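Trainee: I am attaching a structure below and will ask some questions about it afterwards.
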């Protein structure tokens with residue numbers, strides 16, 4: 001019958017052997033956080049964006065474009081109809097594109113596609129929507145027949161123009177700040193690299 005010390009020795013050897021085999025085993029337990037996994041399960045709302053100026057403007061743009069589109073769709077008769085069709089196209093396009101951007105920014109989906117410059121995409125969308133909403137509203141105001149639906153569409157068209165215009169102004173300011181910061185960082189990086197070269201004479205000898 002083995003003594004207790006021998007049994008303790010065998011247990012120690014077994015535990016150390018299991019630890020070594022576990023460390024060398026290719027089948028390691030998964031330690032990836034659930035929040036970092038790909039797929040729809042990792043979606044989360046960004047309340048900071050929705051509470052900010054850009055998020056509120058996006059929500060206002062989607063609502064105004066939708067109301068303008070609904071108002072223009074309730075018109076049953078038109079003559080001429082070119083202005084109505086143009087306003088319908090502008091309001092529908094702005095609603096769809098802005099709604100997609102709101103979802104992308106609100107759910108942080110744009111972080112998963114870093115190949116696209118989303119700030120520039122948003123700037124182009126707001127700029128074009130401001131221009132076309134303004135033109136469409138002026139054309140509809142000049143060619144309407146003073147019906148309630150047409151007047152409402154014109155009013156919401158100009159309100160959407162204002163919302164997109166403010167967003168364009170803020171986006172341009174943000175773009176200028178980012179460009180200035182990028183140029184400043186590049187200048188600081190270049191100065192740091194030049195100082196490193198000056199402080200290392202062996203690099204200068206190799207260059208000569």
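In case you wondered, yes, glycine gets a Cβ from its N, Cα and C as well.
All annotation found in TrEMBL is predicted automatically rather than curated by experts.
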Trainee: For the annotation transmembrane segment in TrEMBL, which listed range does it cover: 151-172, 173-194?
Mentor: 151-172
Trainee: Limited to the domain 'MARVEL' (49-176), I'd like the whole-number average of pLDDT.
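Mentor: Here the predicted model's pLDDT, averaged over the domain 'MARVEL' (49-176), is 91.
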